[in-house]
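The next block holds one structure in the form of C-alpha cells; read it before the comments.
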Amino acid sequence: MGSKMLFSLTSPRLFSAVSRKPSSSFSPSPPSPSSRTQWTQLSPGKSISLRRRVFLLPAKATTEQSGPVGGDNVDSNVLPYCSINKAEKKTIGEMEQEFLQALQSFYYDGKAIMSNEEFDNLKEELMWEGSSVVMLSSDEQRFLEASMAYVSGNPILNDEEYDKLKLKLKIDGSDIVSEGPRCSLRSKKVYSDLAVDYFKMLLLNVPATVVALGLFFFLDDITGFEITYIMELPEPYSFIFTWFAAVPVIVYLALSITKLIIKDFLILKGPCPNCGTENTSFFGTILSISSGGKTNTVKCTNCGTAMVYDSGSRLITLPEGSQA
C-alpha cells in the first residue's frame, strides 16, 4: 500500500492536476479523527487529498503464520556426543559414570569401550557442564573407580588398599571422600567425617605475626630508620626489598614463634552425628601441655552429645553406650 501511495505522489499527472487548480487562498480545517480523508501538503499553498485504505488480514492467516514459529524447538547441544533428541540426553551423573567406566576399562581391563574422539567429546562436555570429575587428581579418580568396581562386583583394590587410599585423600583434604553422619550395621556405630579447619589454623599465627612486625619496626627504629629508607627507594628496588626480603623475614619469624609455642598442632571440624551441628577440636601441644593424643572427647555445643574425635582416622564416633 505504501509503494502505491508513493508512486501516486510522484506521478506527473497528479502534479499537473494540482497546478491547474491552485488553492492559494484555501485553508481547510483539520480533519476529524473519524474522517477517512487525509490532507497532505506538498508545497506552500498546494495540498492534495488522499483516500486512506485499511486492509484487514483474516485471523486464520495470522494464526497459521505464528503457529510454526512458536513451536520451533532449538536444541542447545552442540557437541557430537550429545543427542539431538532431548528425551535421550544424558544427565551429568550418567556422563560422569560413563567417563569413569571408560577410564576403568582402559587402565585396568585393557579394553577401550569408546573411541578417542568419543572420549574427548565426553570429557569436553563434562568440562563445559562444570563437572569436577574431569578435574580430579589421579588418586581421586582411582578412588572413584575402585568404588564403582566394588559396587559392580569386580573389586580392583583390597580392603586395606582402599582404606589407605581413602585416608590419604582425607588427609589431603579431598571432598570426594567426605560423608555426612552415617550408621554402620557391621560395627553398630554412628560415624561422621572430620576435615581440617584451615582458617582457624591460620588464625593461630596472628599473635606471632604481630610480634614479628613489632620486632621488625623495633629493628628499624634502632638502626635510624634505615629499613624505611631502603623501602622508599625508587622502583624496582623498593619492590624487590619489600617482597623478597622484608616480607619473607616477617613470615619466617611468625612461623618460628608459633612453632616454638604450639607444636604439632591440628584443628579438625566435623558435624555432630546426632544433630549435625559443626564442632571443632584442637590437637597438639601448647608449651609442653598436650591436648590428649590422637583422640579427643568433645561435647556438642547444641545437643550436648559426647563425641570422640580421632585425628588418625579422621572420624567422629560416639562412645560406647551412647545413643544418637
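Including glycine, each Cβ sits where the backbone N, Cα and C put it.
Feature annotations, reproduced from Swiss-Prot:
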- 16-42: region 'Disordered' (REGION)
- 61-198: topological domain 'Stromal' (TOPO_DOM)
- 220-236: topological domain 'Lumenal, thylakoid' (TOPO_DOM)
- 258-324: topological domain 'Stromal' (TOPO_DOM)
- 1-60: transit peptide (TRANSIT)
Close approaches to the topological domain 'Lumenal, thylakoid' (220-236) from elsewhere in its chain (Cβ under 8 angstroms; 6 or more beyond its ends): 242, 246
Counts of helix, strand and coil residues, the topological domain 'Stromal' (258-324), according to DSSP: 4 helix, 34 strand, 29 coil
For the topological domain 'Lumenal, thylakoid' (220-236), the number of residues DSSP places in helix, strand and coil: 9 helix, 0 strand, 8 coil
